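In TrEMBL this protein carries:
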BINDING   HIS158, HIS162, ASP362  Fe cation binding site
BINDING   LEU190, ILE191, SER192, GLY193, GLY194, ASP223, GLY236, ASN332  substrate binding site
DOMAIN    32-78  domain 'Gcp-like'
DOMAIN    107-368  domain 'Gcp-like'
Amino acid sequence: MRILAIETSCDETGIAIVESKGSSLVPKTIRVLANTLVSQATLHAQFGGVFPAVARREHAKAIVPLLVHALTEAGLAKKLKQERILSKKEETTLARIFHKEPELFVLFKESLNALKVPIIDAIAVTVGPGLEPALWVGINTAEALGVLWGVPVIPVNHMEGHIVASLMQTKDDGKTFSLAMPRFPSLALLISGGHTELVLMPSRGKYKMLGQTRDDAVGEAFDKVARMLGLSYPGGPEISKLAEKAPAHEKLSVPLPRPMLKSGDFDFSFSGLKTSVLYAIKKFETLTDRDKELIAKDFEDSVTEVLVTKTLKAAKKYKVKEIILGGGVTANRKIRKIFQESVAEELPDTKLFIPTILLSGDNGLMIGVAGLLRSKSKKHIVANGTLKLAKSVSPTLDELRKRK
Ligand code: KG4
Ligand code: ZN
């Protein structure tokens, strides 16, 4: 089965083409035919965060060229001798899909009508959670491709994409992956710019929310604290670099709080921590580079301690066999290291999955692989900015095969 996947939930336009061999519901080997990404991060850096309308505009500019790029990379962009003429029905359907994006419609027709229909079995697309205006660009493009190529569209939950990214294991050159099948129950900690969730997975494709942030997501806290320290967006990697410069033996005179560490539940809260950073900054008359490094380090330590403590507590309570970390914040070296050390020490029989750095942030590849696993195509797909994992559709690859 060959899937073209589209990710536009935030500020990364990602398109990938993946192929699985065999008919198993859990593909053993996944070949990456194309994996392309355009990031808007430098643009959003000017504003210190992502504005949904700007993100939408940039996705709409990037998506068609990126599609052609991905098809070319996969060797699937075959030019037609004569441009394809759409039937009246196709034209009407596509016009309806793109009714709010006439420029994108023009771009879409110009590029796609010049190409032969590629051998693609389905389109996978992120339908949420994320920024709805941004999600719609991906969904509309996916639906339009579905019409043009006569293939089903598979809705994918972005957070499930992050879980799947963690289970992907590079075979050699980054072009072939195997997919680890976790033993259940598993526990997923999802940490990104928009989410902080501890999710229990009692069985495959089933999710139960154990706890989540009551205010800011971890990545959001990293981004906001970075801004306070005069660092650019996205702040996570910047804070991390700064924290690594701080001398190991030096500490902030008044340490930052470890929010909700002993709350007795599995919820998180990072907004107060952000305010504590603001107060810590204000205490200094002039903030030296060393002060900034110490603040960054204690902030990172605080976040890490809270995440690790709560995750391990949940893992013990629910006797999970695996812990799966997912989301952009898993790129953080400190978080990766402390999780590895703590799980090895406290839960030696539990396997820890962490995505490779390349797959930790948003990308089309994880959506493609999640799409391979969940192939229910819906008649009416809508963007859902607050889509919950528990609402995910169940795997129905067979249904998809029947439709073909
Ligand atoms: O999953 P992701 O790419 O996008 C969302 O779905 O939100 O996560 C992006 C978040 C940003 O907040 C970014 O600052 C954070 O991940 N991030 C990091 C690091 N790299 C990215 N946070 C901490 N340390 C990092 N090294
Ligand atoms: Zn994400």
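Just so it is clear, glycine is given a Cβ too, placed from its N, Cα and C backbone atoms.
Quick caveat, the model's predicted, so the values are computed rather than measured.
Features per TrEMBL, on structure.
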residue: HIS158; record: Fe cation binding site; Cβ within 10 Å: 27
residue: HIS162; record: Fe cation binding site; Cβ within 10 Å: 31
residue: LEU190; record: substrate binding site; Cβ within 10 Å: 27
residue: ILE191; record: substrate binding site; Cβ within 10 Å: 29
residue: SER192; record: substrate binding site; Cβ within 10 Å: 27
residue: GLY193; record: substrate binding site; Cβ within 10 Å: 26
residue: GLY194; record: substrate binding site; Cβ within 10 Å: 23
residue: ASP223; record: substrate binding site; Cβ within 10 Å: 25
residue: GLY236; record: substrate binding site; Cβ within 10 Å: 27
residue: ASN332; record: substrate binding site; Cβ within 10 Å: 26
* **Contacting binding-site residues, sequence order - LEU190, SER192, GLY194, ASN332, ASP362 vs ligand 1, Cβ under 6 Å** => SER192, GLY194, ASN332, ASP362
* To do: Give the subset of the binding-site residues SER192, ASN332, ASP362 lying near ligand 2, defined as CB under 6 A from any of its atoms.
  => SER192, ASP362
* Asked: According to DSSP, which kind of secondary structure is ASP223 (substrate binding site) found in, if we only use helix, strand and coil?
  -> helix
* Cα within 10 Å of SER192 (substrate binding site): which of the binding-site residues HIS158, HIS162, ASP362 qualify? -> HIS162, ASP362
* Structure fact -> Rounded Cα distance in angstrom between HIS158 (Fe cation binding site) and LEU190 (substrate binding site) is 11
* Give the three-state DSSP assignment (helix, strand or coil) for HIS162 (Fe cation binding site). => helix
* Structure fact -> Around the recorded Fe cation site (HIS158, HIS162, ASP362), other residues with Cβ within 8 Å of the Cβ centre, ordered by sequence, are GLU7, SER9, CYS10, THR126, GLY130, MET159, GLY161, ALA165, SER192, GLY326, GLY327, GLY328, ASN363, MET366, ILE367
* Could you measure between ASN332 (substrate binding site) and ASP362 (Fe cation binding site) for me? Cα positions, answer in whole angstrom. => 14
* To do: State the Cα to Cα distance, in Å, between ASP362 (Fe cation binding site) and LEU190 (substrate binding site), rounded to an integer.
  => 13
* Separation of alpha carbons, ILE191 (substrate binding site) and HIS162 (Fe cation binding site) (Å) -> 9
* To do: Translate the DSSP assignment of ILE191 (substrate binding site) into the three-state scheme.
  => strand
* Assigned conformation of GLY236 (substrate binding site) - DSSP reduced to three states -> helix
